[in-house]
Amino acid sequence: MGNLFGHKRWYEVRDKKDFKIKRKVKVKRNYDGNKYILNINENNNKEKIDNNKFIRKYINYKKNDNILKEFTRKFHAGNILFKLKGKEGIIRIENNDDFLETEEVVLYIEAYGKSEKLKALGITKKKIIDEAIRQGITKDDKKIEIKRQENEEEIEIDIRDEYTNKTLNDCSIILRIIENDELETKKSIYEIFKNINMSLYKIIEKIIENETEKVFENRYYEEHLREKLLKDDKIDVILTNFMEIREKIKSNLEILGFVKFYLNVGGDKKKSKNKKMLVEKILNINVDLTVEDIADFVIKELEFWNITKRIEKVKKVNNEFLEKRRNRTYIKSYVLLDKHEKFKIERENKKDKIVKFFVENIKNNSIKEKIEKILAEFKIDELIKKLEKELKKGNCDTEIFGIFKKHYKVNFDSKKFSKKSDEEKELYKIIYRYLKGRIEKILVNEQKVRLKKMEKIEIEKILNESILSEKILKRVKQYTLEHIMYLGKLRHNDIDMTTVNTDDFSRLHAKEELDLELITFFASTNMELNKIFSRENINNDENIDFFGGDREKNYVLDKKILNSKIKIIRDLDFIDNKNNITNNFIRKFTKIGTNERNRILHAISKERDLQGTQDDYNKVINIIQNLKISDEEVSKALNLDVVFKDKKNIITKINDIKISEENNNDIKYLPSFSKVLPEILNLYRNNPKNEPFDTIETEKIVLNALIYVNKELYKKLILEDDLEENESKNIFLQELKKTLGNIDEIDENIIENYYKNAQISASKGNNKAIKKYQKKVIECYIGYLRKNYEELFDFSDFKMNIQEIKKQIKDINDNKTYERITVKTSDKTIVINDDFEYIISIFALLNSNAVINKIRNRFFATSVWLNTSEYQNIIDILDEIMQLNTLRNECITENWNLNLEEFIQKMKEIEKDFDDFKIQTKKEIFNNYYEDIKNNILTEFKDDINGCDVLEKKLEKIVIFDDETKFEIDKKSNILQDEQRKLSNINKKDLKKKVDQYIKDKDQEIKSKILCRIIFNSDFLKKYKKEIDNLIEDMESENENKFQEIYYPKERKNELYIYKKNLFLNIGNPNFDKIYGLISNDIKMADAKFLFNIDGKNIRKNKISEIDAILKNLNDKLNGYSKEYKEKYIKKLKENDDFFAKNIQNKNYKSFEKDYNRVSEYKKIRDLVEFNYLNKIESYLIDINWKLAIQMARFERDMHYIVNGLRELGIIKLSGYNTGISRAYPKRNGSDGFYTTTAYYKFFDEESYKKFEKICYGFGIDLSENSEINKPENESIRNYISHFYIVRNPFADYSIAEQIDRVSNLLSYSTRYNNSTYASVFEVFKKDVNLDYDELKKKFKLIGNNDILERLMKPKKVSVLELESYNSDYIKNLIIELLTKIENTNDTL
């Protein structure tokens, strides 16, 4: 239940000797009895106390007005802000006379820089300064003699100057003699310190002591405290004092250190961030400081030190009996037992009876009449008048709750009420509690009025009787449904109702969230399989449900679709060489998939009856291993040889890092590489030695290589082995642990603990907690790279232009003996242990990285949530597959130098030869390519004429294969004696080695062609060329050839010269034309010439990095400051040219803004012509469908809970189960007994099902024949979303916005899902636009609301300057078009 004491962390307990001690504790509920546990943080001891004792202490804490006592205990005029000294014997400074005289504090000598030997002798600075004053030391003196003790010999101490470094064995110190002017300035500043401290202390003390005002008895005491502070004249005097200090600093910057010292924010002692921020503001003389800043400091500082709290108002009672009764009432009202604990205590509880009564009345539509009748008794009009009267008096705090309670006392205390049934009493209570919430709304609105966020409180609108009736009806329905679903959840998940507790529900909640995404993963894979297979003899695109009722129906490989996943399907033995579907697919794969899906939906926890064999698992493992791209292939694809030609030493250094899998545990708590990447790129971009490259393509080549190397380096540094021989080495993980722990000693669990604390903090509403943790890790990592791998980011020696790069790439590729520069990657062993890992691995092979990453992250989140390693193996498999997919897409670069026409022809030939994607064995390669291999062997041994004569005729008889992979050289068995003699000069081992090498070369060539076949396709290439040609040729005369330099430079016309990967990788998408249609016109209209004119080249080479650096530095400078402070700073930047020039190192804001706008225009055009938005749109479609599919899975799960809950209450009867069906509710199929055959649950009879259907309808769930979820395939919202039609065929007949509305409407039965559909979908866009979260909380529909999308989304603002992101307005309009586009068609989906 958390810490009831708010900021209070200390609690009084008894030690073993029964002495009262104070310990730092956390309070939590203990479920094995009616007790709370105090977790003592220091040593994890526990002490149990009973409820009443704990609650009594809590109530005393809330009632006890000890604020003044706490304030005076922790603060006095000597420490409230500046750390000042008091006279001897004065512990607390409360008056001006208590301060030590300024002359005794600010001395004309300063001492610092003590040597280590002097520290060891224990001679203090004070002793040295006192002796120096006594001896009259001047700046000309070089030594001073001091006795440690009276009877000891004098020690001679050298007086160094500040430019001389101390040594290990010297006995020295720096003594600085302060000049008179500086000394007087410091004394005057010290007097100001005293004035500020005394004024602050007296203001706060006065407010706390004020009995009349009683600030801390107000609900919003912070606001009242702020008002009181700002009204006090002394706060203006304090501000004036601060300005005096600033003026003195401005005239002499050496004074800054003196002020900092007395502000005392350094050191190891506890300091608030609030104080540190105020100190920064005080010392930053270029920024305005206001009285509001001072008031905010006081409020937050008192809160930080646990001084302020709201004091409970307690009516004074003279009668002892009444006082005891009142205290008992308090105790009862504060005992907040866990709701699951309540459920156990009252399991035979009357709530079941109440809920059954509500269900019957909801079903009969009589509940609304009952609510309206009770509401009429509550006399709302009278209450409104009483409340308005009280508000006119200025009372808008807990007093209005008193009016409310008094108004309804007659209803709840009367004998008439006590005679009502439990069901009626509960209905009264629900209404009462709802109205109490409306009173709370009045209080919230009053605060908004006071803060000028609202004009006035509209009580009549808040307490409108007709609106109240509708809202209370929803509340009653929700109350009823919650209990039904609560019971159903326990029953469905087979949880023991007598022992259930919060830990059970925490585990269950984690599992539920994983299950929802797994069901969505099944749906996504079903879509991918529908791209490969189609129904036999049916000429439409009707969906096949491979993991449901369709899995054994007739379907065939779709010959119309050329899909790279066919190779995977064939290697899994799901189709044979004639492309017929095998039993392995129907009887095994889909059966296992169906079983696993049903296990999830039916919450089956018993051990799996495994259907798959180790041979099945090995097929998947072999596919993953065969798809792996070697380090050499990666090097070739990413041109590491060219980019890191002069950096072999740094690559060797990276390869020499020894890794340990023991560090794997820390990986999951660290930021992903994508989070670190922007800062890594900044290391490259901000390196002053690096000059701009000649073309965008050159920079892309360098950056792609740099990103890959850094990705591998990041993994290696995390996994670096902490061996004994590495003790002297600066290992990153050790550095990070020291940084997080802020000490030299290493806490081995610090990373895990830091991460989990950030997660806990985020769950409590601190949205920045995780980002703050990630930032700290990233800063440490970037610092580590700067110290140890700076050379990696220095490309000052890289002088090649794009032509030279391509020539070198060709030369290296043509050189067969060239030893490539590679980054050695660890070769993980893939293991599949059961059917679940088998099915998920295949799903991952069939899906894109965008989908795999979602389910991978959910497995990871569940692992952390439940603190389990159960899913670690599947996470490793998914990571491996994503890595393969990423690297495979990079293999396009080697084809840059091919003529497009030639390349298309080449692909046609490859398609003929490698239509089945079959990987051949060594024996098959030798037999199939015998002539090629033989010719290579003859060339190798050409000097031996006699031997070559035999090899040409008899090589196939000399090479003897034992099996498909092993062979031997036999020069005797199958050839004549004379031939044996001729072969005598050819070494047997050499011949075997050469044959094996040429088989491997041929194998590599075959794999390369197959890989090329998988990635490229002649049809795709032709379409690619067509789209590029359309852009170049379809131009008006004034725009003619504006795309020439981007796509086909004149001197290399018709070549795949500048490869647009974004276009190519999307062109094979069945929906390419639809997606491209959204942006094609914008690309045509783009001013592409701007990218290559003088202005554009200057922007690319200079302005982009300059603007990015300015924005980053500004963000770093203002990081951690309050919003108000940032606004003041930015306002001054925009209005004051001198201030802007001084802080930003640019002319003025207007010139900066002009440069920013030009850079933005350049980036926008660049993104268009590079086809970047194709990926974004495709990603949007996947993400939207994924989010909506999760909502549909949520609905399906809830239906299971509702059926089980109604059965648990005895409202409906069931007669058994259909184990092969997943859905919870029946579907009409024309048969009389559909309610027993079409759902997982068999309803007892038709009457029982009709009752269930009517109850569901009462809650807002329509299961009728023509309802949303029971419509035909192309109309049912359930099928449309679950079958991923938004991705498969977007915009057809429906807009996406309409489908979002339909899903939201379907889930409207539960107020828990209020607007959750909209909120989850719009989260997809949050990286690209700013979302109005207040608008998202309101009720709305997307269809029929013309301006709702404009209100929900605003262009993204970047940096603290609040500049509009370069493409945010364009993306916002693109999103609106994406959501609202509709293509009316008569075709079926």
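Keep in mind that glycine also has a Cβ here, set from the backbone N, Cα and C atoms.
Among the candidates Gln611, Gln759, Gln977, Gln980, the one that Swiss-Prot lists alongside Arg219, Lys441, Lys489, Trp865 as binding crRNA is Gln759. Record note: among 405-408, 1305-1308, 1317-1320, 1369-1372, 405-408 is the stretch given as region 'Binds crRNA' by Swiss-Prot.
Within the set 264-294, 450-480, 636-666, 1101-1131, the record from Swiss-Prot flags 1101-1131 under the feature coiled coil. It is 36 Å from the Cα atom of Trp865 (crRNA binding site) to that of Arg438 (active site, for pre-crRNA processing). Secondary structure of the region 'HEPN-like fold 2' (1170-1290) per DSSP (helix as H, G, I; strand as E, B; remaining residues coil): 67 helix, 7 strand, 47 coil. In terms of C-beta pairs under 8 Å, the stretch of 348-498, 499-636, 637-828, 829-899, 900-1170 lying closest in packing to the region 'Binds crRNA' (1311-1316) is 348-498. Counting same-chain residues at least six beyond the ends of the region 'Binds crRNA' (853-858), those with a Cβ under 8 angstroms from any Cβ of the stretch are 513-514, 517-518, 521, 840, 844, 875, 878-879, 882, 1186. DSSP assigns Arg438 (active site, for pre-crRNA processing) to a helical segment in the three-state reduction. According to DSSP, the secondary structure content of the region 'Binds crRNA' (502-509) in residues is 8 helix, 0 strand, 0 coil. Long-range neighbours of the coiled coil (1101-1131) within the same chain, counting only residues 6 or more positions beyond its ends whose Cβ lies under 8 Å from a Cβ of the stretch, are 273, 277, 280-281, 287-288, 290, 292-293, 296, 682, 685-686, 692, 1143-1146, 1152, 1155-1156, 1158-1159, 1162-1163, 1358-1363. In the three-state DSSP reading, Trp865 (crRNA binding site) counts as helix. Other Cβ atoms within 10 Å of the Cβ of Trp865 (crRNA binding site), summed over all protein chains shown, number 17. Look at Arg219 (crRNA binding site): DSSP puts it in coil.
For Arg219 (crRNA binding site), the same-chain residues that are 6 or more apart in sequence and have a Cβ closer than 8 Å to its Cβ are Arg310, Asp397, Thr398, Leu443. Of all the recorded positions listed here (Arg438, Lys441, Lys489), the one with the fewest other CB atoms within 10 A of its own CB is Lys441. Cβ neighbours within 10 Å of Gln759 (crRNA binding site), excluding its own Cβ and spanning all shown chains: 17. Those residues noted as binding crRNA (Arg219, Lys441, Lys489, Gln759, Trp865) have their most widely separated CA atoms at a distance of 38 Å.
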